[in-house]
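Copied from TrEMBL, the annotated features are:
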{"type": "TRANSMEM", "residues": "A:57-78", "note": "transmembrane segment"}
{"type": "TRANSMEM", "residues": "A:169-192", "note": "transmembrane segment"}
{"type": "TRANSMEM", "residues": "A:204-223", "note": "transmembrane segment"}
{"type": "TRANSMEM", "residues": "A:261-279", "note": "transmembrane segment"}
{"type": "TRANSMEM", "residues": "A:299-320", "note": "transmembrane segment"}
{"type": "TRANSMEM", "residues": "A:380-403", "note": "transmembrane segment"}
{"type": "TRANSMEM", "residues": "A:409-428", "note": "transmembrane segment"}
{"type": "TRANSMEM", "residues": "A:440-463", "note": "transmembrane segment"}
{"type": "TRANSMEM", "residues": "A:469-486", "note": "transmembrane segment"}
{"type": "DOMAIN", "residues": "A:635-695", "note": "domain 'CBS'"}
Number of protein chains: 2
Amino acid sequence: MSSPLEDVSVGMEEEDQRPLNRALLHRSATTNASQVAMVGSNPCPIESLDYDYWTAFWVFAGCNLALLLLASSITAFLSPAAGGSGIPEVKAYLNGVDAPNIFSLRTLAVKVVGNIAAVSSSLHVGKAGPMVHTGACIAAIFGQGGSRKYGLTCRWLRYFKNDRDRRDLVTIGAGAGVAAAFRAPVGGVLFALESLSSWWRSALIWRSFFTTAVVAVVLRLFIELCGTGRCGMFGRGGLIMYDVSTVFDDLMTYHLKDIPTVILIGVTGALLGGLYNFLMIKVLRLYNAINERGGAHKLLLAATVSIVTSCCVFGLPWLAPCRPCPTTGPLSSPDGTCHALNRFRRFHCPKGHYNDLASLFLNINDDAIRNLYSTGTNDVYHPVSMVIFFVASYALGVLSYGVVAPSGLFVPIILTGATYGRLVAMLLGGRSGLDHGLVAILGSASFLGGTLRMTVSVCVIILELTNNLLLLPLVMLVLLISKTVADSFNSSIYDLILRLKGLPHLDGHAEPYMRQLAVGDVVAGPLRSFGGVEKVGNVVHTLRTTGHHAFPVVDEPPFSPAPVLYGLVLRAHLLVLLKKREFLVAPERCPKEYVAERFQAEDFDKRGSGKQDTIADVVLSPEEMEMYVDLHPFTNTSPYTVVETMSLAKALVLFREVGLRHLLVVPKACDRSPVVGILTRHDFMPEHILELHPVLLRSRWKRLRWQRGAMAKYFRSLIVWVANSG
Amino acid sequence: MSSPLEDVSVGMEEEDQRPLNRALLHRSATTNASQVAMVGSNPCPIESLDYDYWTAFWVFAGCNLALLLLASSITAFLSPAAGGSGIPEVKAYLNGVDAPNIFSLRTLAVKVVGNIAAVSSSLHVGKAGPMVHTGACIAAIFGQGGSRKYGLTCRWLRYFKNDRDRRDLVTIGAGAGVAAAFRAPVGGVLFALESLSSWWRSALIWRSFFTTAVVAVVLRLFIELCGTGRCGMFGRGGLIMYDVSTVFDDLMTYHLKDIPTVILIGVTGALLGGLYNFLMIKVLRLYNAINERGGAHKLLLAATVSIVTSCCVFGLPWLAPCRPCPTTGPLSSPDGTCHALNRFRRFHCPKGHYNDLASLFLNINDDAIRNLYSTGTNDVYHPVSMVIFFVASYALGVLSYGVVAPSGLFVPIILTGATYGRLVAMLLGGRSGLDHGLVAILGSASFLGGTLRMTVSVCVIILELTNNLLLLPLVMLVLLISKTVADSFNSSIYDLILRLKGLPHLDGHAEPYMRQLAVGDVVAGPLRSFGGVEKVGNVVHTLRTTGHHAFPVVDEPPFSPAPVLYGLVLRAHLLVLLKKREFLVAPERCPKEYVAERFQAEDFDKRGSGKQDTIADVVLSPEEMEMYVDLHPFTNTSPYTVVETMSLAKALVLFREVGLRHLLVVPKACDRSPVVGILTRHDFMPEHILELHPVLLRSRWKRLRWQRGAMAKYFRSLIVWVANSG
């Protein structure tokens, strides 16, 4: 195992024969990064085994550990919101959940640097999710008018300072992130619309399209400018990342008799995907329990995972025997060695031999996927190696995501799926006439469908990744089978993570028990409201003692003959009023000119994510507390209302479809207060409703028990129980 | 011009050398149909000019006339709803407009037969729109539980008998139609969602995806089964209709310096597209005026258009000179003649020569498009021929659509755009390095963007039509430029046709003047309501004397202490009650068991499109008219309501986003009737509002005048004026 080996050259492209330098064997940090991430670098990716393996391993593991600790520390101490992939947070934001700090400039910086470091550290994570978050960050910073704190602001951006434009910008920013990650512009649009966005509009579609078109054009531009190798590794590769349209195109055919194979792949992909989601959530709960104990624990966990990963990556290839390089056929080289291609890693083998497991582990994810997708390579890998790689990839994928660092899920899932696809093809052997590369693509598709549960966007992304339109029917079929089967077990991984994080994502469809409830059954009191002209002290007291973001304004005599609901006023606007300190001595309504002189529309712009006004910033004198403020000009006089006897399911449809934050509840009879309650997102969440009406929970469990089969029911009840007890 | 010519063979494929029979020159009816339309036919497409041209012309024109008159007569007399493309009707249906008879079995039959006949008659129309309507018909027939009239019904289809499922089925049926027309499954999903559907849901996306996946799989299946020519022309061609990935792939490159060309193509495509829409609407108005006079006029118009088309198609090629067949290069044949390829039509030329204009006119649209898209054919066509063909194609496209027959817009627009693209490339000459076939694709894309204003779906359809992923950035760029520029002139052709037909399509965005109005300003009276227990005679009288589809139910004493709004009852349900004749002698509420014994849920299922209950079917005796009916169990107790002071714009958002048909208006103060009005779609239409408040119209014109530039404003005001005066 320690025979002296000569220099071997490992080039990035088949024709890349650079002069060699002597250096250590290492999974070079430069080649781990995506090809477009390194500007101007000229790597010398070589392996030389002058030193023994242990030293090589320590250097390897040491570099990985250092990089991951860098990623973890900046995430843990600078911006915890940058951890994970960011897609659940973006999805929640687009549903109306303003989680703090997810789009700040600091988060952006930590996300970019941290993800580069995390991926470079051989951790089994991807970059697609963090790129989505990065794109969304950039868009959100535009939407809030730049960053005043860092002096990057621009006047014309003020037109975007409203809820809807800001969410539109985040949607298209996320789409641009996917388009950039996969060089798939149409896939980016569809991903943003299918998986992230809660509301669609025609205008949003073509705006996303425009953004991803610009991404595609800029990519193409850079490819042309950097074509001659001027930019180092930046700009390498074409527009199609895993281009499988090679001279072996005729191997990409399929026939009617292959349909059962496709169905098999779809079903097993669904089972594996459902299990992946289940295990991922269990592991994330465990990691959360560890991470909650403090920064040191976070770093320790990251270090542990890094070491385990390094051991697997470096150690598992020892289990594979050395195999001779192919001497005939298109993969052979004239000199009998195959080491010029990065498909064949020599690792510890003698000259003219390669280690197939090392060829999978000691390659960057993109290259490994490209190798697995390639046609005409049925004999390159051994089934036992594939099993080992699959299990390791699956396990590392589940274990690595929860580390406190920016990490993505997509590419590891694609890689794991490709491995499992090839494995299925090998196990079927002659029974299936499909090329193993084709089955690898189908395996990726089915595993993506089984974990992420996306259909159209994954299909188009795979189409744009592989440039194989003829494969489309098979890919669609396998995606649908895997999604349908897996949906009977649990939800998609992003939805599960959303629920784990406690983000109150509101679905569009009403739960069955909501039809049995009226709005009045879930309204939680007491209701805090203001008069049309209110004493400042009351306003301050209410703002200090509650966390509500909106209050009904009720006009009482003498401003109106009988108590009547005037409208709804927002906390943010009340804070602006209080800060302006334009109070009235006596309780009376102020004329329009009074307001026009003292206030401007921009005073009430939606604040950026970093700068929220709070009641603690408001300091008033006792005299001012006794003065009055006229709320009439600042109240929304057309709030959406529902009658208290309205079905809760229908109120949810209204709340969700119109995209409300507050919904006023008015009484049915006229002899009571003109407003009896106010509904917010939390009033519609299952946890709140079932807490108020636990009898529904028991009937829901009963219903679950006899509606589903044993296995599926078990999984689902388990998730519900875990979610409720967590 | 009348030299005796020998037999020439014109095969459908390059290798198709069938033995010749002597026959007349004719644009053979079989080859006009799409390749998948003819099952089992074995055509002999040959040209032989034993007879002189006049006889040939008369036969040609005669066949065209006969086919078009067939199409027109069945459309005019059997099912007028089958005329045109059907896409505006489907779009309106999905917006909530139940136009009569658009989805009946008769319409389906007329649409299929009529479209085949119309396309076969050399009319410059396509098949994509009718296929969308066909797919939607089939889906709608499933949704209404089959057709009882013709005995095609199935019990499990009753689950689809509700509004939302029916509209979902129509959406996915339409998507399947596009997928089948272009062999573009993903494009079908996106077309249905971007252009047709008014409301999106994740579930709808993957259901559309599943449907188009099945389309793709079935297509692929038939291609395999029919591969060896067993099915005649059915199943010919591969999955990709205009596959341009030939051996000339290296000609499909583009560079940074081509961006100005692309922008030019986009802008001119927008101008041409906007003009096309404008002219189309003018012509449609004229045709409507003619067609309204009766069936004979419809047939006469169809005959006129057919003769004009025949003259153009047969006559215009005489303007082009004969050019020698290419003798070198990949397009040449060993024997020096190029007539084996249908790219080169001989027409009247001597042996070894071809007529390029005949090669465009006397080919089916699909072949012409394929020829125009092909690379490496820069010298095949002459600029003058292209100009003639472009003008003829443009003019015929505008003139042919309005004929009373099932006709589509898509493929003529693609063909016209491809011509204009090639023309631009020829005129630019050496200044642009782009291959003319590539520019033809961009021309099609820009013209589609300029007329139809679709972005993502057209992009994906073009991608799936041409299988060229590398072209994607250019196609996206050109689509966006053309859409953006053209949007400043007028709306998409489908929206203009919608407005022309008077279908009350409700957009999602509120007009600016709606913000100045309250709901109470547009409510039209008088309000017809029922008591909780109502006399049968009152119900019958109200149903007979109004056309409303829903009525509020107000509980008065003794059923409630004070008048209170109980809910909303639908006309359809009232008719069910009246037909059941389960009346009460005295005005009292009936217990639940009473209702459960006599009524079932299926009694209230949504009726199919053919069988609507009407009040005329209800015949009651005078004694029954004096009896009472308890409306409480049949009333929707959770209707959506708005306060009368609510902003009209916000009420529109509610109405549109939730997808309502009726919106109850309740008073602000408690001392009036508990319901003051009911809003329907028509109350939100600009025509109704501006009729009630003409002062807004003048300010809207004023606003229009100084907001837009001169030309754009002229077009827009013209359309508004024409629309208002039409």
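Keep in mind that glycine also has a Cβ here, set from the backbone N, Cα and C atoms.
These figures come from a predicted structure and were not determined experimentally.
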Proximity verdict for the transmembrane segment (A:261-279) and the transmembrane segment (A:57-78), three or more C-beta pairs under 8 Å:
no
Check for me, if you would, whether the transmembrane segment (A:169-192) reaches the transmembrane segment (A:440-463) - at least 3 Cβ pairs under 8 Å, residues 6 or more apart in sequence.
yes
Select the range from A:204-223, A:299-320, A:409-428 that forms the most Cβ-Cβ pairs under 8 Å with the transmembrane segment (A:380-403).
A:409-428
Intrachain neighbours beyond the transmembrane segment (A:299-320), with Cβ under 8 angstroms and 6 or more residues off its ends:
1, 27, 56-57, 60-61, 64-65, 68-69, 71-73, 76, 121-124, 287, 290-291, 345, 347-348, 355-358, 361-362, 382, 384-385, 388-389, 392, 396, 399-400, 403-405
Output the single range from A:57-78, A:204-223, A:440-463, A:469-486 maximising the number of Cβ pairs under 8 Å to the transmembrane segment (A:409-428).
A:440-463
Six or more residues out from either end of the transmembrane segment (A:469-486), which same-chain residues have a Cβ under 8 Å from its Cβ atoms?
252-254, 258-259, 262-263, 265-267, 269-271, 273-274, 277, 438, 441-442, 445-451, 453-455, 458-459, 462-463
Using DSSP, tally how many residues of the domain 'CBS' (A:635-695) sit in helix, strand and coil.
24 helix, 12 strand, 25 coil
Do you know the mean pLDDT across the domain 'CBS' (A:635-695)?
89
